[in-house]
Amino acid sequence: MVERTFSIIKPDAVERNLQGEVLAMIQGAGLKVVAMKMIHLTKAQAEGFYAVHRERPFFDSLTTYMCSGPVVCSVLEGENAISRYREIMGATNPANAAEGTIRKKYAVSLEANSVHGSDAPETAAFEISYFFNALEIVG
């Protein structure tokens with residue numbers, strides 16, 4: 001089934017200028033970039049995006065980190081895009097990520113793990129609409 005998912009290349013990867021490498025891995029896995037923008041999140045934007053984690057102990061640290069530098073947001077499209085992108089990303093904790101995944105190759109730590117990706121169709125829909133309107137998505 002062709003579906004869309006949402007991706008963020010996080011501040012640690014952008015700071016190291018890894019956007020090209022990450023996008024090459026994504027496209028190499030057969031996913032198509034149908035929308036993309038680079039932004040510097042405000043604290044309020046990060047808190048709104050990660051609102052589902054508001055009660056978690058890592059919420060403040062995560063939202064502060066996500067505002068620490070520019071990020072690259074994109075909408076990816078392809079067969080089983082959500083599960084395929086999650087496979088390419090690797091485990092949240094880079095120590096547990098499989099060889100050849102984005103997080104195994106590029107993550108610095110559990111928090112600075114280089115990428116974010118939607119985990120379900122409902123979250124993909126929310127996350128895509130949080131950063132993009134329909135006119136910004138081509139495909």
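Our numbering is plain: 1 for the first residue shown, then up by one each step along the chain.
From the backbone N, Cα and C atoms, a Cβ is placed for every residue, glycine too.
ATP binding, as stated in Swiss-Prot, involves Lys10, Phe58, Thr92, Arg103, Asn113; the candidate among Arg4, Arg86 given for that site is Arg86. The two recorded residues His116 (active site, pros-phosphohistidine intermediate) and Lys10 (ATP binding site) have their Cα atoms spaced 7 Å from each other. With a 10 A radius on its CB, His116 (active site, pros-phosphohistidine intermediate) counts 19 other CB atoms from all the protein chains.
Site extent for ATP: among the recorded binding residues Lys10, Phe58, Arg86, Thr92, Arg103, Asn113, the largest C-alpha separation is 21 Å. Between the candidate binding-site residues, Phe58, Thr92, Asn113, the densest Cβ environment within 10 Å is the one around Asn113.
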